[in-house]
Amino acid sequence: MSKEGLPTPKDVSGKGLRVAVVTATWNAEICDQLHRRALETAEAAGAIVTPLRVVGALELPVVVQAAARTHDAVVALGCVVRGGTPHFDYVCDSVTQGLTRIALDESTPVANGVLTVNDYEQAVDRAGFADSAEDKGAEAMQAALETVHTLRTLDESNLK
């Protein structure tokens with residue numbers, strides 16, 4: 001798996017930031033690892049974290065929206081593995097559109113860390129295990145924290 005194009009993470013402080021991590025429970029081994037890595041990244045940055053769980057990916061948007069109203073950022077995590085029916089496409093499209101709409105409607109960063117993979121092996125390779133090529137839980141948290149700082153920079157520049 002290529003990491004080509006992956007941006008270098010900025011050293012951002014999460015001090016004083018309230019961040020929710022909303023994680024689905026389907027594909028528990030993968031989702032638990034994504035959740036753990038997001039929490040570790042937030043705590044290392046000094047953020048105040050609210051961990052939340054939902055059953056599946058389709059339940060993410062409604063809880064993410066509620067969290068977006070009371071937090072500085074939200075990270076949505078889950079794992080959808082392609083099966084033999086179009087259900088995969090419906091779930092992935094609905095979740096992606098829902099999370100994007102929430103971020104725009106609430107003006108709150110929502111990092112989409114929902115893995116959409118062809119097989120379980122691809123999920124393991126992205127979940128941030130010791131032998132994984134990628135760490136999508138940590139990357140989603142990093143993106144959320146950086147986006148909060150970018151929005152605050154915009155707010156400050158509008159005050160001048």
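Cβ coordinates are placed from backbone N, Cα and C, and glycine is handled just like the others.
The annotation 5-amino-6-(D-ribitylamino)uracil binding site is assigned in Swiss-Prot to TRP26, ALA57, LEU58, GLU59, CYS79, VAL80, VAL81, ASN112. The (2S)-2-hydroxy-3-oxobutyl phosphate binding site annotation in Swiss-Prot covers GLY84, THR85, ARG126 and rests on sequence analysis. As annotated by Swiss-Prot, active site, proton donor applies to HIS87, with the evidence given as sequence analysis.
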Protein Cβ atoms within 10 Å of VAL81 (5-amino-6-(D-ribitylamino)uracil binding site), excluding its own: 17
Where ARG126 ((2S)-2-hydroxy-3-oxobutyl phosphate binding site) sits in the secondary structure, as DSSP reduces it to three classes: helix
Cα-nearest neighbour of GLU59 (5-amino-6-(D-ribitylamino)uracil binding site) within the listed recorded positions, GLY84, HIS87, ARG126: HIS87
For CYS79 (5-amino-6-(D-ribitylamino)uracil binding site), the one of THR85, HIS87, ARG126 that lies nearest, given that the recorded positions are compared by Cα: ARG126
C-beta crowding around VAL80 (5-amino-6-(D-ribitylamino)uracil binding site), within 10 angstroms: 22
DSSP three-state assignment (helix, strand or coil) for TRP26 (5-amino-6-(D-ribitylamino)uracil binding site): coil
Cβ-based isolation winner (fewest other Cβ atoms within 10 Å) among the recorded positions HIS87, ARG126: HIS87
Integer Å distance between the CA atoms belonging to VAL80 (5-amino-6-(D-ribitylamino)uracil binding site) and HIS87 (active site, proton donor): 10
Where ASN112 (5-amino-6-(D-ribitylamino)uracil binding site) sits in the secondary structure, as DSSP reduces it to three classes: strand
Surrounding CB atoms that lie within 10 Å of the CB of THR85 ((2S)-2-hydroxy-3-oxobutyl phosphate binding site), all protein chains: 8
Where the record names TRP26, ALA57, LEU58, GLU59, CYS79, VAL80, VAL81, ASN112 as binding 5-amino-6-(D-ribitylamino)uracil, the maximum Cα to Cα distance in Å: 16
Span of the (2S)-2-hydroxy-3-oxobutyl phosphate site, taken as the largest CA to CA distance across GLY84, THR85, ARG126 (Å, rounded to a whole number): 23
